[in-house]
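Asks: What follows is a single structure, and I will ask about it in a moment.
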Amino acid sequence: MIKRLADRLFKWYCHPDYYPDIQGDLEELHQDQLEQFPKSAELKYLKEVIKLCRPALIRPLFKNSLFNSTGMFKNYFKISFRNLVKQKVFSAINITGLAIGLSAFLLINQYVAFEKSYDRFFTDSDRLYRLTTDQIVDGVIGARDAMAFNPAAKTLDDIIPEIIGHTTTYKLSDLTFRKGEQSVNEPLVVAADSNYLQLFDYQVIHGDLASMLSEPYTMVLTKNKAKIYFGDSNPVGQTVELLGNFEKPFKVTGVIQDVPENTHYKFEILLSLSTLQKQLDKQGWNYNNYYSYIKLAPLADIEVVRAKLPPVSDYVSTTSLSFNLQSVESIHLHSDMTYEPEINGSAEMVDFLNIISILILIIAWANYINLTTAKSINRAKEVGLRKTVGANKIQLITQFMIESFLLNFISAFLALMIAEGLYPFFNQLVGKPIITDIWSNRDFTILLVTLSLIGTLVTGLYPSFVLSSFKPSLVLKGKFKTSVKGTLLRKGLVVFQFAASLILVATTLIVEKQISYMLNKEKGLDVAYVVGFKNPRLKEYQGEVLSDKLRQFKQALMSHHAIENAGLTSALPGGDASSIWSTSDPVKINGKTNSLEGTTYLLVCDENFLPSIGAKLLVGRSFDPAIQSDSSSVIINQAFLNRYGLKNASSVLGDYIQFGEDIGGNKYRIVGVVGDYHRSSFKASLEPTAMFFTDRTSKSVVRLNKKNYDQGLDHLEQTWSQYFPNAPFSYTFLDQKFETLYEEDKRFGYITSIFSVLAIFIASLGLFGLSAFMATQRSKEVGIRKVLGASIPQILIIFYREFVVLIGLSAAVGIPLVYFTMDNWLNNYAYRVTFPWIFVGAAIILVIASALLTVGYQTIRVAIKNPSETLRYE
């Protein structure tokens, strides 16, 4: 059977002239192998047939013998290599442009692929959904919250058959753990139920998955965290002490793989959610501050499931919330809800970077097409001579395609070298380890080879057809002229390059303008030389003991000349949306309105917090610890008044606020209204906020004297060691916290700036080569004009005229695209700049300047020559 198939294959591909002789030799060889290897003879026969499949023996694919001549192929490669060497400048321009374009495309493509890979490594990730809540106000969706109520996921699992699994988690603030004598602050801690690792199937290194997180006071560590606490030993069964409210040892029941960068919900320690049972029982349907997830059955329709979601009011009568489901795979790039566990990426930014990489690559390809077709006149006689001695169109196209192939693969190799050298810098630029090794990255290599083949076709086909279509009778008589179609194509490609460059430059300038606006816009507070830090959470510092200690600590701080103020707060300015509490309960203000619906953000602080961050009271007063009733007082901000339609700040002083159906019937008296200040990014709107008085919270702020802030920091650290010697201490400057909120935007600005410069550089390379060729071709014209009295400026104007028209056409194409694209991008920000048309003008001027300088340089080189040199053979 195998031999018959091998015979058919050989007869199909073998040249008819060689088939009888070779077939006979194969039969003789097969008979010998049958005697020696009877079981494997047929396989050996097939192997020999496959080995004979080489260019010299295959049958003609066309009427000519092109693909059967190894010698002809060698000649094509030899001629192609000679042409590359002969035309050093144009080869260097093409190879440099293609290599830079390919490397830029590959690096950006890796970044785009990484951003789109978030949470897709989980089994059945396409069936995992996050349970979220939307606030409905007057029939319209208002705030969208990434959190849900603790019982919600289980309740939905019980009543909707398409849901086959659920898990509930609680993101904990910074916790302090102690192992031996060392205490460590751990910022990435999550409490999760025993279902979590069933839905999110991280690889288990130690422990039994079925029993992980099933009992109170148990924990699961990531591999790296386990090594920090326990070295290389198996930590299952050992304990780590959690300080603060728990003050109990937690038993390690498992170790899992390190959580990768490409997930929206990061942690290093998992605690069993049942540890918080008292909190769970108390909060129930009263608080929606849990991250909950569900898993759908195979083939379940998400829209059908959404239609079955019950209204939240079935469980919480006073709420205006509704349930929703959000695909886990879409969270990183497509979610901008409040209380996200981390700052998400932006689909618009990723798509835009993808477009930039494609534009860069197309600009590089356009350079090759432009230069090759422009220089076709120099090869016209070669083509005519080849046709005269018998070469047909297929052979000529093959020759020019091989030239394109050779140039593209040389460029691909250089692109690989560039990517290898730059990927550590690129990882640092994007702030993520998206590339770890170029050579072992199979996808990277496959993409590079694919792009090289596509580039060979894109850059080789049209020039090949142009060059192979010359008529020998004309070109050998010197009557060859460039075609109108070829000229229009070159002009069209130049217009495209100018338009792409204009778009990229204008985009870069607009992005930088928006980022600068956000960084420098008045925030309503002054956090320069203000530091924030976490207060101690040790067993010996609880309740009134902590209040007394914090009071003494503040007094000791403010006694130093380098410290201007110190205050307490539950949320530091510069935090993300998830760092502050909120309530969606209706708000009641006596004597003013009926119940009002909306989200109110809640902050607890002391009397020194607002002065410490430079916030200004509009009316009323701050908290006063000497006034006992201030324990039931509240300060609201201007955004609170605006949100609930209360225009006059003075008129609400002394009124009482009640949130929902407060269990204790508590009402809070308004004692002050503070001016709006931005606690978080300018991407978000101002938060309607209510502030309550306390003398103990989880965080502190300290304002330093800017003249000797270093002394203030030294005093802060010494005072901390004096009052809280057993608690770890670290601080951060709040202005730096604000800047970290814009890290993604700043990286986007850096990336667009760098790759926009690369795009302009590649376009300028092509224009340099094109203008050099045009100047050389028109050298005789320039010589004649100089003889007739034309000056160099007049000659420059003649050359410039054509390019200025092309730039004008590119501006007509690019300006509308810039406006619609970037105005839409700016709309992602609650606070944005008006569309800066001046930057579009600046981009046009920059593109014109780079084009005119490039063209002018080549024109002047020709124009300064003595006419006797250019006209000596006329």
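Even glycines carry a Cβ here, placed using N, Cα and C.
No curator has checked TrEMBL annotations; they are predicted automatically.
As annotated in TrEMBL:
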type: DOMAIN; residues: 91-309; note: domain 'MacB-like periplasmic core'
type: DOMAIN; residues: 354-468; note: domain 'ABC3 transporter permease C-terminal'
type: DOMAIN; residues: 754-867; note: domain 'ABC3 transporter permease C-terminal'
type: TRANSMEM; residues: 89-108; note: transmembrane segment
type: TRANSMEM; residues: 352-371; note: transmembrane segment
type: TRANSMEM; residues: 405-426; note: transmembrane segment
type: TRANSMEM; residues: 446-467; note: transmembrane segment
type: TRANSMEM; residues: 488-511; note: transmembrane segment
type: TRANSMEM; residues: 748-774; note: transmembrane segment
type: TRANSMEM; residues: 795-822; note: transmembrane segment
type: TRANSMEM; residues: 834-855; note: transmembrane segment
Asks: Same chain, outside the transmembrane segment (352-371) by at least 6, Cβ under 8 Å from its Cβ: which residues?
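Replies: Sequence-remote neighbours of the transmembrane segment (352-371) are 90, 93-94, 97-98, 100-102, 104-105, 108-109, 111-112, 404, 407, 451, 455, 458-459, 462-463, 489-490, 493-494, 496-497, 500-501, 503-504, 507, 748, 751-752, 755-756, 758-759, 762-763, 765-766, 769-770, 773, 821, 825.
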Asks: Under 8 angstroms for C-beta pairs, at least 3 of them, ignoring pairs fewer than 6 apart in sequence. Is the transmembrane segment (446-467) in contact with the transmembrane segment (89-108) by that rule?
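Replies: Yes, these stretches are in contact.
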Asks: What else in the chain is close to the transmembrane segment (488-511), if you only count residues 6 or more beyond its ends and a Cβ gap under 8 Å?
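Replies: Result: 352, 356, 359, 362-363, 366-367, 369-370, 373-374, 462, 745, 748-749, 752-753, 755-756, 759-760, 763, 766-767, 770, 803, 806-807, 809-811, 813-815, 817-818, 821-822, 826, 835-836, 839-840, 842-844, 846-847, 850-851.
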Asks: Taking every residue in the domain 'ABC3 transporter permease C-terminal' (754-867), what is their average pLDDT?
Replies: 80
Asks: Do you know the DSSP helix, strand and coil residue counts for the domain 'ABC3 transporter permease C-terminal' (354-468)?
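Replies: Split into helix, strand and coil, the domain 'ABC3 transporter permease C-terminal' (354-468) gives 100 helix, 0 strand, 15 coil.
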